[in-house]
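Please read the structure below before turning to the comments.
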Amino acid sequence: MTDNTTQQMSLLALGLTAQAGRNPDITGLSVDSREVKDGHLFFALPGAQVHGGAFIQYALRMGAAAVLTDAQGAEIAAEELAASDAALILTEDPRGALAQTASLWFGAHPDTVIAVTGTNGKTSVSTFARQIWVEMEQAAVNLGTTGVEGVWTHPLKHTTPEPITLHRALAAARAEGVSHVAMEASSHGLDQRRLDGVMLSAAGFSNFTQDHLDYHKTFEAYFDAKMGLFTRLLPEDGAAVINIDDPKGAEVVALCEERGIEVITVGRHPDARLHLHAQRFDATGQQILFDWQRGRFSARLNLIGGFQADNVLLAAGLCIASGSDAEEVFDTLPYLTTVRGRMQHAATRKNGGSVFVDYAHTPDAVATALQAMRPHVMGKLVAIVGAGGDRDAGKRPLMGAAAAEHADVVFVTDDNPRSEDPATIRAAVMEGAPEATEVGDRAESILRGVDALGPGDALLIAGKGHETGQTIGDDVLPFDDVEQASVAVSALDGDLI
Ligand SMILES: CC(=O)N[C@H]1[C@@H](OP(=O)(O)OP(=O)(O)OC[C@H]2O[C@@H](n3ccc(=O)[nH]c3=O)[C@H](O)[C@@H]2O)O[C@H](CO)[C@@H](O)[C@@H]1O[C@H](C)C(=O)N[C@@H](C)C(=O)N[C@H](CCC(=O)O)C(=O)O
Ligand SMILES: Nc1ncnc2c1ncn2[C@@H]1O[C@H](COP(=O)(O)OP(=O)(O)OP(=O)(O)O)[C@@H](O)[C@H]1O
Ligand SMILES: N[C@H](CCC[C@H](N)C(=O)O)C(=O)O
Ligand SMILES: [Mg+2]
């Protein structure tokens, strides 16, 4: 699908050669047969559920002028293809071809694009990179879970959009004058070649822990998908910025060095080139000391959570790796602001008890977020945790266990049960947190969590972050943790502080 209905391109201009059929001009690109229009090139992709070859017959009926698929897709639709004069383009890697074709169809993207991968921290790192650039007066956006944000905004359904949406958004960003983009590379996106065709200046690695095993099946396959960013997408003249505090960091460095890619290591590890030397916490943020090229620097971060300093330095490293001046980058750090739904202060009770909302939805993130709150909290730490339906089921008891280990009081509640039975999901989380209180209704659990706060206590509402809905079955009911925290405080204390 394209926005510009008058655009036409030959197969040749799109870098494609037809094995059979005529040689038409293409009027648009589609991956879904239901969206095909007259003259479109339909990509029949091997899917997780079904092969897109099964939909070639419908795409042809909708007027597709060309079909790109693999041998299996062509076999499924052999009869329909033989009876049609549509061009047939065969390739072993239709998803890669889709990405390359979408990049040619939509044209140039902003000059500087960086991408970050890792289980946790992608949205945070890409948002900080965008904030750094904007402070340096560059026209910048970040692109990922929270949509396109920055000097130009645009909603997105996926963390790494499929190539047609991605290249359309990148080309539109360029047309709006955007010069710098920081994007998230999700493991699904990498595995499905969604970002192939994007010319990266630099790529970052935050960390590697459990998530998405429902899709990737094994840790090895999950890691390999992520490594595609460094082994396939990042050009040899690009630079990699790698957190070497993560146990997998050294492996990522080795993969980059094998290709002769310049590496900037980041972390608390003494060997890190951008080295976090010390951190001191207070009620509203932290002071950090760090080293770069034999110089020592200090900065005040108005951000809660020790791990945010790791994310900030990774973002700073990516800006430096893609051409910004290091000292100018460091000067922006005191101006960075909380990323929506990440350790976001949501409300304070009259007695001083405070409420934070965080997007922790993996075992490691739950542990990290709760540990990060400790130095800022004098009293007890209360956690509300739940796990999503139709997602990695193995992480559920581990998320419960992380909450039980790092909080003093735990409530287990619902977080987007989707097609699954919410009680079954909660039971799995409770396996890891047998002492926790189970309160299925999320609003009620927030009310109970806020009610449990005394002076000096804090509540972490984990899992939904910036989300504004609770997905139950196919319905998305409006739900916002930040809003519910305020509602609970005003219900209990009479008015808001
Ligand atoms: C599991 C997954 O990633 N699925 C993606 C995949 O779909 P699929 O392989 O399951 O598709 P399928 O249902 O088997 O169908 C095969 C093909 O037939 C086509 N089709 C299907 C039906 C029809 O009538 N006509 C038709 O042409 C489909 O468009 C598809 O191309 O390929 C599609 C086309 O590229 C994607 O849109 C789709 O993303 C779905 C919507 C999705 O929800 N993905 C999520 C899990 C995701 O990608 N999340 C990541 C991670 C977020 C994080 O880090 O936490 C993200 O980047 O957002
Ligand atoms: N560097 C980090 N190390 C460990 N945990 C982190 C780190 N950064 C963020 N987190 C935790 O992970 C949560 C999600 O952070 P963020 O949204 O930046 O990650 P993401 O990788 O974009 O997630 P998604 O896979 O949903 O796109 C945060 O709310 C926090 O709890
Ligand atoms: N992008 C993540 C978000 C999870 C957030 C949590 N609220 C859930 O629904 O599990 C995923 O789709 O796995
Ligand atoms: Mg994200």
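Including glycine, each Cβ sits where the backbone N, Cα and C put it.
Among the features that TrEMBL reports, ATP binding site is placed at Gly118, Thr119, Asn120, Gly121, Lys122, Thr123, Ser124. Asn120 (ATP binding site) falls within neither a helix nor a strand when secondary structure is assigned with DSSP, and so counts as coil.
Asp415 (meso-2,6-diaminopimelate binding site) falls outside any helix or strand according to DSSP and counts as coil. Summarising the environment of Asp415 (meso-2,6-diaminopimelate binding site), the number of other Cβ atoms within 10 Å of its Cβ, over all protein chains shown, is 28. Look at TrEMBL and you will find Arg391, Asp415, Asn416, Pro417, Arg418, Gly463, Glu467 tagged as meso-2,6-diaminopimelate binding site.
Marked as domain 'Mur ligase N-terminal catalytic' by TrEMBL: 26-103.
The annotation domain 'Mur ligase central' is assigned in TrEMBL to 116-318.
Taken from TrEMBL, the feature domain 'Mur ligase C-terminal' covers 341-465.
In the three-state DSSP scheme, Lys226 (N6-carboxylysine) falls into the helix class. Residues or ranges marked as N6-carboxylysine in TrEMBL: Lys226.
The motif 'Meso-diaminopimelate recognition motif' annotation in TrEMBL covers 415-418. Across the motif 'Meso-diaminopimelate recognition motif' (415-418), mean pLDDT in this model comes to 98.
Listed in chain order, the residues near the ATP site other than Gly118, Thr119, Asn120, Gly121, Lys122, Thr123, Ser124 are Val116, Val125, Glu184, Ser206, Asn207, Asn311, each with its Cβ within 8 Å of the site Cβ centroid. In the three-state DSSP assignment, the secondary structure recorded for Glu467 (meso-2,6-diaminopimelate binding site) is coil. When the CA atoms are compared, the binding-site residues lying within 10 A of Lys226 (N6-carboxylysine) are Gly118, out of the candidates Gly118, Asn120, Lys122, Asn416, Glu467.
Residue annotation for meso-2,6-diaminopimelate gives Arg391, Asp415, Asn416, Pro417, Arg418, Gly463, Glu467. The furthest Cα pair among them is separated by 16 Å. In terms of DSSP secondary structure, the domain 'Mur ligase N-terminal catalytic' (26-103) contains 34 helix, 18 strand, 26 coil.
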